[in-house]
């Protein structure tokens, strides 16, 4: 058995490592908050509308 046989076995192990799903690769801002429409005031509703409009603009830019 030559010296190279050890290196070949080591390199084959890398193919068996699990891959990270795409849903976990996305970066977040680190803020996770629940939104309740019943408890929202006018400022919350306006912020929600601005966020949805910004999401639509971002989707349109990505699709071009």
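From the backbone N, Cα and C atoms, a Cβ is placed for every residue, glycine too.
Curation does not apply to TrEMBL; its annotations are automatic.
Residues annotated as compositional bias 'Basic residues' in TrEMBL: 1-15.
According to TrEMBL, the region 'Disordered' annotation covers 1-64.
According to DSSP, the secondary structure content of the compositional bias 'Acidic residues' (30-44) in residues is 3 helix, 0 strand, 12 coil. The annotation compositional bias 'Acidic residues' is assigned in TrEMBL to 30-44.
Within the chain, the compositional bias 'Basic and acidic residues' (45-64) has long-range Cβ neighbours (under 8 A, six or more residues past its boundaries) at 35. The compositional bias 'Basic and acidic residues' annotation in TrEMBL covers 45-64.
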